[in-house]
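Quick look at what TrEMBL lists:
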type	residues	note
TRANSMEM	B:12-35	transmembrane segment
TRANSMEM	B:42-62	transmembrane segment
TRANSMEM	B:68-88	transmembrane segment
TRANSMEM	B:100-120	transmembrane segment
TRANSMEM	B:140-167	transmembrane segment
TRANSMEM	B:199-222	transmembrane segment
TRANSMEM	B:234-258	transmembrane segment
TRANSMEM	B:265-286	transmembrane segment
Amino acid sequence: MSGQPLLKVQAVETFYGNIRALGGVDVEVNKGEIVSLIGANGAGKSTLMMTICGSPHARHGSVIFEGRDITQMPTHEIARLRIAQSPEGRRIFPRMTVYENLQMGAGLDNLKYFSEDVEKIFKLFPRLKERQAQRGGTLSGGEQQMLSIGRALMARPKLLLLDEPSLGLAPLIVKGIFEAIKKLNKEEGLTVFLVEQNAFAALKLSDRAYVMVNGKVTMSGSGKDLLANPEVRAAYLEGGRH
Amino acid sequence: MEYFIQQLVNGLTLGSIYGMIAIGYTMVYGIIGMINFAHGDIFMLGGFAALIVFLILTGLFAGIPVVVALLIMLIVAMLMAGLWNWTIEKVAYRPLRGSFRLAPLITAIGMSIALSNFIQVTQGPRNKPIPPLVSSVYNVFGISISLKQIIIILITVVLLSVFWYIVHRTPLGRAQRATEQDRKMAALLGVDVDRTISVTFVMGAALAAVAGTMYLMYYGVVVFTDGFIPGVKAFTAAVLGGIGSLPGAVLGGLLIGLIESLWSAYFTIAYKDVATFSILAIVLIFKPSGILGRPEVEKV
């Protein structure tokens, strides 16, 4: 399987009813890469993340993971291929404790590595350790964000999809999360595909990036190139530097 | 005083049966947001399955011990009811998931009518009696407690504990609660949502079948219309306790049982159902989400 991307999204079109949210998107993510997707609100970034997980399914085009067509596969089976997502809106289970939310993340292995992995998550986000007996719905936005990422990591993913990991977090914590992602990528070879509003931080972190406008990818390149690109700078970076 | 306590015991017995049925209503409502109106008929079906097993057993093995007979009745009734409810969910409710809210509700009412008519046609329209299975009665400080009542209350306590354990301490229960709280996210984490919903229907049906068997043992008779009134009362119990809440369903069941037997004891028995439903109405006026139900607003 050498030379083949881990994830290949080909000419994907996704609809909500009759409204076309994605109009033929092509994206590739190679093993061991951090790839980001930037774009304005409503560009279809989150839709692409959910389409990869089959919720909703793409109407046209295909999603290939490890050489396998997963376009029409049920969402739970896609998850079992180790594609984990921290989705838009975080989607913490509000009436489960923080601990149980993390257990849900480790459900694929029947909690086999749970005690080992949960310590890692608690080290990454010590706040979650303090709050472990609290119900998810009572956490602050930032804490929920940490929990959502932690829960996705508990699945020992081959591909981690992060939808706006910096949303609602204090700059210092954002920095911490981005460093954590980088570290997981470097040390454990974790492949990450992330959507970010915080384009500057995302591009700096990423090997490659895509820019999305109105349901289509309009630009792509290495993080560095896009950071230097005047169009990208004007649209997503100037004045928005964090 | 003794009379009062006597009525309490009777009410608790009846309430245990309602509570066991109510759990099925509340769990299904919790997980897919629909009222399974056929659930009362699953309870009745459980009673019939137990009856048939009883007839077969006593026909084949004349001197079979009552404990063994009861146990086999329970198991077969649970399996049968579970299989029925599983099938109903699969053929009647699942295809309608995602359509407008009233569609599965109407289907459920249709399913309820279909089930009771099916039993009427195949088993006959008359009351089906069985001879008393257990008839010992104990006298404790002037209160008579029958062995039947003890068995019912004991089985209820045991089953509810097992149930509580499954829902709160096992991966299956976690998957059920996750599906209840956010179906899409549960799927993203690898939970097979359809299967989890099926299992929930089977679990609810198994409890209803136990209730049906207990009902048969307690009253010594079952008839095809039995799904309706006890079914509606158990549904009332689930609403009274707070639909979606497991402890609420049990509490609601016990309350309805107590109200019924106390009202019958001190006032006109003909009005016992009026009293029950009046109290439901009053509670819902002051606490629309039921006694243990949670208000809709939630910080997410």
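Each residue, glycine too, has its Cβ placed from N, Cα and C.
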Which of B:12-35, B:42-62, B:68-88, B:199-222, B:265-286 has the most Cβ pairs closer than 8 Å to the transmembrane segment (B:234-258)? B:12-35
Long-range Cβ neighbours of the transmembrane segment (B:100-120) (under 8 Å; 6 or more residues past either end): 32-38, 40-42, 44-45, 48, 84, 88, 92-93, 224-225, 227-228, 231
Give the nonlocal contacts of the transmembrane segment (B:265-286) in its own chain as ranges (CB under 8 Å, at least six residues past its ends). 3-4, 7, 229, 233, 236, 239-240, 255-256, 259
Mind checking which residues of the chain, 6+ beyond the ends of the transmembrane segment (B:68-88), have their Cβ under 8 Å from one of its Cβ atoms? 36, 38-39, 42-43, 45-47, 49-50, 53-54, 57-58, 111, 115, 133, 151, 198, 201-206, 208-210, 212-213, 217
If you count Cβ pairs under 8 Å, which stretch among B:12-35, B:140-167, B:199-222 touches the transmembrane segment (B:42-62) the most? B:199-222
